């Protein structure tokens, strides 16, 4: 098959760009730990009240000084209804759904998690700046989807 | 290539497909217009209609129905043109397929209209629509398969009669697109038949949500290539003829289509990057495979501009860019498609951002995504289809695309471009701020959310102006289609519209490119590598299933 000289140059450039892009993404993901939210833990969506940790949603300080937020999404809101975490500390969000698919997305951060019933989604984030952050549901979940939001308070330590 | 026109049975088939496509188009764009005004708070819907119903209709009618019916109308005309008249069986099965597709369409649309299926066109479980919505979807896909197999049957007849010859490029590309479509649909058919239908009719209590999402996206990504490849056919085969040139390289064109079959299917996880239940390794592997489509995309870009430059120089263009001015800009059939290609440059770049693993978190499910598909399927694909419409409809109806209609067509593509530019730019910017997609309106009581809409570009007015211009443009287009179908003057033999097919030199083209068994085999190997382990895991380690919810 005949390839024009310029086309060879063009495609080599394309391949090189591809390799560089993918290496950057790969190193960032697996060496520096910047993977998107995820997790392989399962739960029974009909029985969250009796399943730790979702039997008591809330904010917990762990032994190593980091924080854990356990939250449940449900049409059209979140439990707990108030979240307060300190700035500068690692916060791990663990979220699941009681009914349909939602999201738990904190505006102005990279916390943008799909919340799928039966699964627990996890994401760790450190808030650098104190303030009030908006959490929205960005996966269509029904007639009240555009009302589904809450705020998270990040306080100075 | 003796007769100018294709035989009557094919003309009727293609015109029926195009007629349904444009009916869906005008209703779908009207829904889009209503949406921008509802979001703007300028419009209150009556109690029996709600935003999410309209949003579902907008997505289904434009992304699925307009595109699919148009594509089959285009394929039927082109296959008859390049391979010869259809036999009676091919005609019959095309009709049967078309009727099944239409029944499915009507069934799903009725369910949406009566409010039984406000689940959007992604219909994510465990939101549960009326069972007949899913039956409609299944019939829609099966109908397209029947039409697909009828066209493949026609192709096989030609191959038998022309042993050892390479098929015409148009037919090759049609078959490649059909192979892609049939393999892609396996996922959605599996989830609809074995998960959604038994669950929605109450034969099964619960549904495996994670599995249904992955099967949907196994289909959902190649779906966009099913829209795009017919546009590429027009770019590779039709456009060179319109400007008086020939196909740059037959073998490269065929290779590009093969690569699209291989690399558009085992990549669905890049739509699920931010969700639980899939290990990072598999998400990353599919990200790598996703990026491979950059190769055929770059090949396509090179080929097209090579044709433009070669032809422009033949016409006397001098210097580095002189050839550019020599192109036939006054021919709306060419200009429309050229502008469509330009839109695909930011569209493709945005796609790379979306698929970039961790970068996806920045834009996932924000208005950015909505902006993205309006400058991919909404303009490059749709406007290429408009460009094809301008000659295909008069070709089929044997009428004349008059000067005044051509001027109107220019107005149409200009308004479409401006409207899309305004609206999609606003959507991209809002998405970067974090504004979510698919919301009736955005009334969050938070200063961040309130500041989203205060920008020069990122405000409701820009989106509403864009949306209004787009609907105006859609109306002009449908007016042109109606004129070309029933009212434009009848063509004489001298001014009969032609079906532009560029010459493609296939003597040097390697035979292996048309050995479908090989490529289908490779495609399934790649799919097996990318999907077997994670899908098995979803089935074997499934959490308790979900019952159905109707939250609208």
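Keep in mind that glycine also has a Cβ here, set from the backbone N, Cα and C atoms.
Caution: TrEMBL annotation is automatic and unverified by curators.
Per TrEMBL, the range carrying the annotation transmembrane segment out of B:217-239, B:309-331 is B:217-239.
Feature annotation (TrEMBL): of B:495-515, B:516-536, the stretch labelled transmembrane segment is B:516-536. Here the transmembrane segment (B:408-430) touches the transmembrane segment (B:334-353). Their Cβ atoms form 3 or more pairs under 8 Å, with each pair 6 or more residues apart. Here the transmembrane segment (B:289-308) has long-range neighbours at 221, 225, 232, 235-236, 239-240, 243, 245-249, 252-253, 255-257, 259-260, 262-264, 266-267, 270, 323-324, 327, 341, 348, 352, 355, 526, 530, meaning same-chain residues at least 6 beyond its ends whose C-beta is under 8 angstroms from one of its own. Tertiary proximity for the transmembrane segment (B:334-353) is limited to same-chain residues at least six positions away from its ends with a CB under 8 Å from its CB atoms, namely 231, 234-235, 238-239, 242-243, 291, 294, 297, 304, 327-328, 359, 363, 368, 371-372, 375-376, 379-384, 386-387, 390, 409-410, 413, 417, 420, 428.
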